[in-house]
Each structure stands twice: as C-alpha cells, then as structure tokens.
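These come from TrEMBL:
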type	residues	note
DOMAIN	B:54-236	domain 'ABC transmembrane type-1'
DOMAIN	B:318-512	domain 'ABC transmembrane type-1'
TRANSMEM	B:12-33	transmembrane segment
TRANSMEM	B:53-80	transmembrane segment
TRANSMEM	B:92-113	transmembrane segment
TRANSMEM	B:125-143	transmembrane segment
TRANSMEM	B:164-197	transmembrane segment
TRANSMEM	B:217-241	transmembrane segment
TRANSMEM	B:262-288	transmembrane segment
TRANSMEM	B:328-346	transmembrane segment
TRANSMEM	B:358-377	transmembrane segment
TRANSMEM	B:389-409	transmembrane segment
TRANSMEM	B:445-468	transmembrane segment
TRANSMEM	B:493-512	transmembrane segment
Amino acid sequence: MRRMAIALFALLLAGCSLSGDDKPGDRTVVLVTHDSFAHDPAVFDRFTAETGIRVEVRKSGDAGALTNQLVLTKASPLGDVAFGVDTTFASRALDEGVFAEYRSPAAAEGPQRYVVDDSGRLTAVDVGDVCVNVDVAALESRGLPVPTGYADLADPKYKDLLVVEDPATSSPGLAFLLGTVASFRDGWVGYWEKLRANGVLVVSGWEEAYTQEFSGSSGQGPRPIVVSYASSPSAEIGEDGEPRTRALLDTCFRQVEYAGVLANAKNPEDAGKVVDLLLSPEFQRTVPEMMYVYPAREGVELPEAWAKAAPLPENPATLPAAEIQANRERWIEQWRAAVQG
Amino acid sequence: MARGRPGLSPALLGLLPLAFLAVFFAWPVGAIVRLGMDAAALDVLADPGTWRIVAFTLGQAAAATLVAVVAGLPVAFLLARVALPGMAVVRALVLVPFVLPTVVVGLAFRGLLGGGVLPIVLANAFFNVAVVARTVGGLWAHLDRRAEDAARSLGASRWRTFTAVTLPALTPALGSAAAVVFLFCATSFGVVLLLGGARFRTLETEIYLRTVELLDLSGASALSLVQVTAVVAVLVLGARARRRREAALKLRARVESARRPVGGEWWVVGAAYAVVALLVVPIASLVARSVDGGFAGYRALSGTGHAGSLSVTGWEAAANSLRTATDATVLALILGVSAAVALVSLRRARFIDALDTALMLPLGVSAVTVGFGYLITLDALPGDLRTSAALVPLAQALVVTPLVIRLVLPVLRSIDERLRQAAATLGAGPWRVWREVDLPLAGRSLLAAAGFGYVVALGEFGATSFLARPDTATLPVVIGRLVSRPGELNSQMAYAACTLLMVVTVAVALVVERLRAGELGEF
C-alpha cells in the first residue's frame, strides 16, 4: 500500500501543472482581454525593463463574453486593466460601472476621435471595421463586376453568392447588421427581406463563413461574397503579391476596441501605465499584424501589405454606443423574424 | 463487507468526491442560478418557445444516443470477444473521435453533409460511439463465455442467446454508457451551433447565448434549472434500470473469452468494421486537409501561427495538453475510485440512487454555467483560483470523474459479494478486502478508465477554452483559436495540430493496451 501511495505521489509531481506556476513579482498588472488579443512579447518586455511592471495577460471569450465577465466580477475583478470591450458592448460596461476614470496623456494623439462619452473611463486602442469581402477572381469567372455597396448585394445578379454570420452568435454578424441599420434606418428590415429573397446564407460564426463557405480563403468554399473585416484581404496575398480578395469600403461598420482601468483594481496606478503602453507608438505599430486591426493613434504607419490590400475605410457607418445598447436585443429579434422566421 | 467492524468504512471514501463536487460544482452553479432567479425567469418558463427547445434538446440527444448504442454494440463485441490481428489498433482508433475539438468535427461534418438535424445527430453519435464500445466492451470481455455456450448447446439460436443471456448481463454497462452518451449529447454545444445555425437551438446553446452574449442571467437561470431537472430525471431512470438488472456475474479474463469469430459472428464483425470505417471518414477528411498543400502546417507547429496568432507554439500546446490531462486524470482516478468504492459498499443504502445521480450531474450541466459560477464564487477561496492555471485540471477532472465511476462501477458491482465475505471471514479488514479482492479484479477496468479519462481530458474543450490562460493553452484550445483567424497558414496549422492530437490519442491508447497485456496476474 505504501509503495502504491509513493508511486501515486511521484506521478502527481511528475505531471503536475500546478508546480510550474510562476510567482508574481512585486509590480504585476493583470490585463484581462478577449481571445483575439495578440501582442509582440518584445514590446511588453521593454516596458517591463523600463518601468519594472510585469504584465500578465488573461484571455476569456469574445468581446461580449469579456464584457459580461467584467460586469459579473466588478466587485472583485479578475485583473487591473481590461482591453477589448468594443463599440457594441461599451455602454453596458459603462452603465454597470466596470471601469474607473483614467485619462491617459496619449489619449489626445488620436484615440480621442473614438471617445464614447466624456467620463474618461474608456480609451480607444484600435479600430477594426467589419466589411463585405469579395473573391475577385471568382466573380470574374462568373462574368460579374465587383459589387460596390449594400444595394448590389440584393441585386438578383448576385443571387446565392453572399454568406453572412448570425448577429445573435457572431460579433462581425452583429456589426454587419448594425451597418445596415445605420445605412437604411427604418428600412433595414425591408433590406434584409430582399437579401433573404436573394439567397443570403446565414451561418453561426465567422469560422464557417470565412474559412468554409467563402471561396477566397484557404477553404475554397462555394460563395464569393462574405462578411469579414476590412483587414482580411491583407492575409490573402497571392504568390504574385496581389491580394486575392477585396473589402467593399462602402459596406463597413466601425468597431472600436477600448481599454480601461478596472474599478476596484488592486493596482490602479500601474494599470494606468499599461493603458499608456497600449497607446504607445511601439504597441500601436504592432496591432495590424497581431490583431488585424488599425491603430487608434494618429501617424502610425501601416504595414506594406495593408497599404495595398487593406486601407482603413474612410466613411464607415457608425452608431452611438448608447443606441446599440438600447436596441441590440430588439434588433436581433426583428432580424430573426425577417431572415429566419 | 465487514459490517459492524471497527475502523474506517470504505463508504467514508465517498466524502472525498462529494466535497470536491460541493466546492467545484454545486456552489458555483448554485450561486449563478440564484443570481438570476427573479420574476423574469418565470416568464421564460411560461414561454412555449422554451419548451420547444427542451423537446428538441431531448429528442436529438435520444436519437444520437440510439445511433451511438446501435453502432457501438458491434464494436464492443469486436473489442471484447474477437481475437483477430490488429485489435489494438481498432481499439485505439475508436477513441479518436472523442478527442477531436467540436469546432473541427463540426466543420468536417458541414463539409460532408451540410447543416440540419441529421448531421447534428450523426456528429453527436460520432463523438460517442467510443463511450458505448469501451464501456460495454469492458464488461463484455469479462463475461463468462460458458453461460452462452451452455445456451447454445441447449439449442438456442445465436440471436436468442444474445437476447436471453448476454444482453441482460451487459445491461449495467449498457445503461451506464447510454446515460453518459445522453448527457454528452444533451449538452453538446459546438456541434449544434455549427450545424444547426440559429434555426436549431438546444438548452445548451440557448444558455450560452443568454449568459455569455446577452447577460440575461434570469433567462439563463431558468433554462439551467430546466436542464438540471431534465438531466436528473434521465439519470434517475437510468440508475433504476441499471440497479434492477444488477447481479453478480462470474467474471473471466479476456484471454479466455476472446477467440476467432465463427459462423454468424462474422456478420457482427463485418458490421463493427463498417462502423469503424464510417468513423474514419471524417477523420480522414481532417488528415487530408492537413496535408492539403504540403507539410507547411506541420512545419508551422514549431511556431505560433501567422503573425503570432498564439502565445505558445504547437509543440508547447501539446506539452500543455499532456501535463494538464495527467493532472486531471490522477485527480479523477482518486475521486472516481473513491466514489465507486463508496457506492459499492453502500449497495443497500436507500439514498444510493441520489448519490449516484449527484456524482453524474457535472456531465449534464452547461460548461458556461459552471464557468460563470466560478467567476462569482472562487475568489472567496484563498489564492483566487479563478485565474490560476490549476483550475483547468480541476475543471477537467469534473468531467472525467463521472466517466471513471461509470467504467469502474459496473465491474466492482459485479464482483461476487461472497468473495468479499470469504475474505472478511478469514480475518481481512475492509481495506484489505478491497485491496486483495476488488483491486485485482477491477484492475483492468481501472486501467481502461485511466486511459479513457486521459483521452477525455486531452480533448476537453468547453471548460478548458474558458479557463485556460494563453500560456497554458492546450491543443484543442489552440486549434479552435487557429481556425478563428484568417490566413492559410493558420488553417493548415490547425489541421496539422488536429492530426497531432489524434496521433497523441492513438499513442496513449496503445501504451495503455501494452501495459494491460503485460499485467499477468489479472485473474
């Protein structure tokens, strides 16, 4: 029996993932964020060397899941600073008092263009527009011109070619729906009825839409028109150096991602410094390649592939965060009735 | 059983898994459900739409369970009773579906069959054929073949022998397997979302939507209560059916009961191979995608994906997977065996069904409910477990423990009570009885439980993706992450990682197989 117990204990130690747990240093800031967060470790390392602050990243879910977790844990937050609450969820986070006031000196360098309210609790870090993407070659082979805007998508010429994400389960899906609301106002339901008559395919997430149904990605699916991001074409550069896909810049909805210091944070002072880090030119330069989004700071150069394949849309549709918060669920219900009823 | 003997009774071991359940399951789930309980929750219950979702959830789970049982039985026969070359490979192969991340299997089924109800049912069954084959096969291998031979020599047909002799003996394992499969199918999430779109909604997807995206906690609470009620009802029915059939069976070693098939048995063997071939179709399509366009995906495993999509390399994720699964398995074995031993020693207690059901509950409750429950409760424990790397193996153990119980319990229960009584009469204390009688007889199923539990932990996605930190991401989490980012390299790497996960699974299964063959004094 004793031998068995020893063997068991040895096994426990050998495989233990608990024993390798790193000890937090004196000045550690926990950054809570969503699954899509990605960063260049070198930038964070330099920050640690300069300030003595170590940044620990915790990811959980998409932007919606992140916001809701922050709301649930606001009395005892999971970290000190949060990044990734976006336009669609900003109002909920602010109404619930998730964030404390912190005005970064860098907020005037461009982020101020995307400010939600004047309370100084959320600072814009990046901009990621959701736009319709097209597979140029596939359209050409069908003898079709590249569509230019929303109206073309309802044109029978483009019947059965569009795939979109369900706004109830997908963040780009919701953004696209909001774009049509912003453009058509009261007529948006009618527009979706036309899309439905024109054979729009609805799938639950971006993965199926882009990697499986869309013909311009590695999955080489059947449909040449998809709802994705303004930046997606930069990942689809062909061997000749030309992008195989293109974003339709008149179908874009602007999604801004924000950072803020959490209320009740253990280390609010250092947390503010991490917000500064996210707004620094060094970090901002990396966001296109790392997260497929555009820097919120002005004067940050985009990578070469982006300049060619993925320019930032100039006149995207927008909606005030408060209006989205007030109507989100009703719009999704109306959309369900119109498109799937 | 040594009733009335002084000293610690094995029944007290049951307190260990119960304490674990109380802290890491009952408390968090209770807290999140209570948070949402208000008048609006009642409106959700009054909505006929809710009951349509309940009906669809139960219906698709029942259909998928039926398919998995019908497909799994011939495979169980093959694994238990047939001595043909290559059995070890088949045994390892049927486990593969179980570890595949739902998102990848969902995409594979979408590619092969499109969306809709039938693909949902088939995909759910695909994951679970292994549960039936392994659980039922585990007991079948130990059934004394002579009872069947006697029936045959008395003139019973093969079919009659099967229905009158074999099937009743297998009922405990069959009941166990069906209950587990039903729970998995009723709470399956990724597959329903991918193949059902927004048209086919289950309790699980609806709880997810309301909790994670809408923060409609009152709606989610109401649905969680409905889910728990339905699950408990099914479990109680299952436990009743199992217990009615329980009898001490004469268990034999596998070598005695396996042989070359004869006559009509070849049909069953053929059916089993057909099932295995069908299981291989989606698997093969995944492997084919991983080498679509060369081995770039495999080379990419040593990196972090296109433009640093990940915080770990593919190989580091594989190492994380192995480490976490080891912790989870060890923990689940300790908890599961304690629970099984306690359940056996309490075989006549009145509350045993309740206990048995409680131990199974974690399989039937939404991972989202548990995960969000952790968020609002575990900060009260020292060290704030909510953000600790230790939470992942703990959550995986929650899923693996019921499976260990279900694999070990039928075998422990079918051990002839008189063996234990004889040992006790000869002066052995309860612990010694357990060590000298139960352990050697159940050794094989313990090993099987360890191997199966390890594989389940390797493939666990729901709780792990919610709880894992970026630097401790496991292979399934990494795969899910890679397919959700654009870029051809990410896609190739995702499918290569999938193949890697399958290879690891098969390797683990083969190692368990080898250990088992080396175990001489099994019976």
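Backbone N, Cα and C define each Cβ position, glycine as well.
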Checking distant contacts: for the transmembrane segment (B:328-346), what same-chain residues at least six beyond its ends satisfy Cβ-Cβ under 8 A? 1, 9-17, 20, 352, 355-356, 359, 392-394, 396-397, 400-405, 408-409, 412-413, 430, 434, 438, 446, 449-450, 453-454, 457, 460
Using Cβ distances below 8 Å and needing 3 or more such pairs, separated by at least 6 in sequence, tell me whether the transmembrane segment (B:12-33) contacts the transmembrane segment (B:358-377). yes
Ranking B:262-288, B:358-377, B:445-468 by Cβ pairs under 8 Å to the transmembrane segment (B:389-409) puts first B:445-468
Considering the transmembrane segment (B:445-468), which listed stretch of B:262-288, B:358-377, B:493-512 counts the most C-beta pairs under 8 Å: B:493-512
Long-range Cβ contacts under 8 Å made by the transmembrane segment (B:493-512), restricted to residues 6 or more beyond its ends, are 88-89, 91-93, 95-96, 98-101, 104, 283, 286-287, 289-290, 292, 295, 297-298, 300-301, 305, 314, 317-318, 321-322, 447-448, 450-451, 454-455, 458-459, 475-476, 478-479, 482-483
